[in-house]
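Q: Have a look at this one.
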Amino acid sequence: MAGTKQIVMPMFLLVLLFLFTSSRAEQPPFSIKQHLSTVTRYSAANDGRNSNIAPAPDGCVPIHLNLVARHGTRDPTKKRIRELNNLESQLDMLIRGAVGNDSSLRKAPSWFKGWKSPWRGKVKGGELIPEGEEELYYLGIRTRKLFSDLFSDDYSSEVYTIKATQVPRASASAVAFGMGLFSGRGSLGSDRRRAFSVISESRASDTMLRFFDCCQKYEDYRKNQEPAVDKLKEPVLDDITKSFTERYGLNFTRLHISSLWFLCKQEASLLNITNQACGLFSPSEVVLLEWTDDVELFILKGYGNSLNYKMGIPLLEDVIQSMKQAIKAKEEKLVLGSYEKARLRFAHAETVVPFTCLLGLFLEGPDVGQTLREQPLQLPPQPPATRIWKGSTVAPFAGNNMLVLYSCPANLSDKYFVRVLHNEEPITMPGCDNSDFCSFKVFMENIVAPHLEHDFDTLCTVDGEEPVLEPESNADARLRSEL
């Protein structure tokens, strides 16, 4: 009997060990490259997935495509390069402050001493890097493969309209995409490249792709909200500052943590380095810092205020106009090559995020009604709570929304349908009964029409307007309920 117990207990422990290791095996290893908010590379955001779209219902064929894409991975802007240059002296001062304290010097990261910013000496900032060009180039190739019928015509600027902002990284992204889209379709060089047109509006008047620069009311709102956003971040930064001081024996400040987190994002995304600045942070600290970035995105560009996305109405109107023209061309049976089949736009996170909100994506339950009533939503919950709003998903580098218009002549209720792809993956639309394939009529009534009640000039005029509502934080809601 005793011998039996000796056999059963080890077997029991082996079963427990198997179950524990199996549960851990189901969870993918933590990858910091997927937690960099809007600095996340497109490949990391998609986790290596390629476009895999279920076929449209029988008899439905795509007749028009709208694309709104963010530029590819870029260098830090001039302002951020200066911040990284300043970090050199800050790290040097931290090390100098620990001289004479052998314990602190032993704990201090060795790379702090003599560290130089990789971007020191760069005259220009924000330029598209080679990997950013590749993101858009291969996106162009995949788009043509995915919608081969739409891109079967010979190139014409009237059939394939390509627009970009005047910012170099956006126009360069448009060129890279076009090179992929039309590769092998021309007569230039051994690769049979072809020339194509990219249209840009003046920055001062580009209300379609740079509406955030043309809306004075938004400029005022953003300036007023930035201190409040910084205040929201402080508790997280303070906790990590305290942990860093204990862990590395140096007198870190909140500013040090903020700059080191920014350096981590740049190193991981642009240089593929994760064992230096990123190596300072634990996974739990990373997800908290990611949350602070996502909250900032939410408040200043997303659902935190209806003005953030309603000022993008000119872009939404342009998308709808192109769809209606495509429907008209189909109804009138125009010959191929005489009407537009795709309208392709390349801009910024400040463009893609509001447009995503106009479509009602990344909302849950009652949030849909609140946005249509122009009510601010509660902030995304802090980790470890799960949230649907993540900058790495909503607007990574090269992030994009495709709206594909389908003709379904066999359907009796509506001959035209819209499918939305976010980062090349079908995404459900709460305004369309959580379907990714939506009747054009329902799409217009439930998603588009409520926004078109507004006018860009009226929305963005400061004088005589009511004050902009501030988003309510979870803490504010709790406090209000206690009063």
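Placed from the backbone N, Cα and C atoms, the Cβ positions cover glycine too.
Found this in TrEMBL, in case it helps:
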| type | residues | note |
| --- | --- | --- |
| DISULFID | C60-C408 | disulfide bond |
| DISULFID | C264-C278 | disulfide bond |
| DISULFID | C432-C438 | disulfide bond |
| SIGNAL | 1-25 | signal peptide |
Q: C-alpha of C60 (disulfide bond) to C-alpha of C438 (disulfide bond): distance in Å?
A: 12
Q: Using Cα coordinates, what distance in whole Å links C408 (disulfide bond) and C278 (disulfide bond)?
A: 50
Q: Residues with Cβ closer than 8 Å to the Cβ of C278 (disulfide bond), same chain and 6+ apart in sequence?
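A: Result: I32, C264, E267, A268, V286.
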Q: When you measure from the Cβ of C438 (disulfide bond), which residues in the chain that are at least 6 apart have a Cβ under 8 Å away?
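A: Sequence-distant Cβ neighbours: F417, V418, R419, V420, M429, G431, C432, I447.
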Q: Please give me the CB contact count at 10 A for C264 (disulfide bond), counting all chains in the structure.
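A: C264 (disulfide bond) is surrounded by 23 other Cβ atoms within 10 Å.
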Q: Just how many other Cβ atoms lie inside 10 Å of the Cβ on C432 (disulfide bond)?
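A: That number is 21.
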